[in-house]
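Right, one structure below, let's go through it.
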Amino acid sequence: MQFDNTYINLGESFFERAEPVTVVEPSLFLWNELLAQQLNVIDSIQGNAEELAVFLSGNQIFSGSIPIALAYAGHQFGHYNPQLGDGRAHLLGELIDVDGQRWDLQLKGSGVTRFSRGGDGRCAIGPAIREFIMSEAMHALGVPTSRCLAVTTTGEYVYREEAHLGAVVSRVASSHIRVGSFQYFAATGDIISLKKLADYTINRHYPSIFSSDGNPYVMLLDKVIENQIRLIVQWMRVGFIHGVMNTDNTAVSGETIDFGPCAMMGDYDPKAVFSSIDRQGRYAFGNQPHIAQWNMARLAESLLQLGENDTSNKDCDSDMLSSMQSLINGFSKRFKQEYVEMMSGKVGLIEPRLKNEAFIDSFTQQLKERRLDYTVCFHLLTKSITCKEAEQQMLADLGEHYFEWKKRVVSQRYTDVEIQAFMRDFNPVVIPRNHHVENVIKECEASGDPKAAILFLNALRHPYHESELTQPFQTPAEDHDMNYKTFCGT
């Protein structure tokens, strides 16, 4: 495995050089074979489970790796914390995959760093399994996301409310640059480091910016906003609730990252929230677009300092401010356009003349009032075009509103089969439902065996095709998740 380490070229203010803390008895618990092949990991270690565990626990460092803990700040539930950073994670370096794409490989739960803030630097096996399951499910659903290469148990126990077996997650992401990474330098007025970070981010994620006319940092904000909108729209499509959309959990690459208290929505409810620490519903399902806009405003505030300090151009500051204000103010309109386009897909409206925000709002209001399961409803809606049984169920669930929907859909110039095929791409059959995730975690913890997780993952990796694999995991929770709570896991 050939490691590159471009981030360390930015300078010591960006990170702490820190090696993972060794563990007693590393053992490979979950392994992502497909991702390993994409990253060329197999050829490097010959797929030996014992050797993999030694490296992916942090007990031994890969040749060429220079482990670092990244520095960043962030707004947590709206309150600014000037120093967060990787308190239990070590970035091993970057890998180039078979397609030439660059990926970070990070160990999470690998021991204390100077950013630990009194924490033990460890991760329990439950949250590790959750992150593996959720990230792989999101990837299969077509949602931009970080992924897990492995979960390695440590042979040691970590203490939260009670003792749990420890684990280390091997996380893969296109980078770990966060909005909070920019805030870290902006808050202290370290403009040199802030500019280094912005230029590095452009080179790594949006290199075409430097060959375009215009202010590169305004264009950077525009690109990050574009990708955030696409990401949140995809979250809304599948019913994902991140749970902790702090600026330190917002990747500028536009990937889902940090799955701690995440959950999936069952019954449609814009106010759905499951995180035990989100008592005010700040990060509720329907509030996620507004929080994304708020987070982008925090990024804009940081980037603006690059214009304020450009003494060579007195107009730079005002022009940059005006441009960035326009981008932030235009967020809602851009989001709404993408959202209506996506929801039109979910309800099978292909022709532009039928894509109507008012109809979509009316339709989702019926889901809310009738307490219909988001995933089941859209799956049955898709089936109902050619299946009488599903049509009868939809009539029972939606009443006259089903006829209103059907009238719109059949008025299009497409055949029923074509419309159904179109809808299938938007409406999954199976998602990582909260109660199934919890049951799998409990079974794995109790048995010390990953079989339950592997079976679940096999179903989740084909979310748009109903089969014997998916059917056991399609059922909603009997209590409609009324008492379900998620926890950060740290």
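Quick reminder: no glycine exception, Cβ is built from N, Cα and C everywhere.
Those TrEMBL annotations? Automatic predictions, nothing curated.
The model shown is predicted, which means the values in this text are computed figures rather than measured ones.
From the candidate list R102, R178, the residue TrEMBL records in the ATP site shared with G85, G87, R88, K108, D120, G121, R171, D258 is R178. Rounded to a whole number, the distance between the Cα atoms of D248 (active site, proton acceptor) and D258 (ATP binding site) is 9 Å.
Around D248 (active site, proton acceptor), the same-chain residues six or more apart in sequence whose CB sits under 8 Å from its CB are Y72, A73, G74, H75, Q76, N81, L84, R178, V179, G180, listed in sequence order. The 10 Å shell around the Cβ of G85 (ATP binding site) contains 23 further Cβ atoms across the protein chains shown. Counting only residues at least six positions away in the same chain, the Cβ atoms of A89, D104, L105, Q106, L107, K108, E131, S146, R147, C148, L149 sit under 8 Å from the Cβ of R171 (ATP binding site). Within 10 Å of the C-beta atom of R88 (ATP binding site) sit 24 other C-beta atoms, taking all shown protein chains into account. Residue density at D120 (ATP binding site): 17 other Cβ atoms are found within 10 A of its Cβ, drawing on all protein chains shown.
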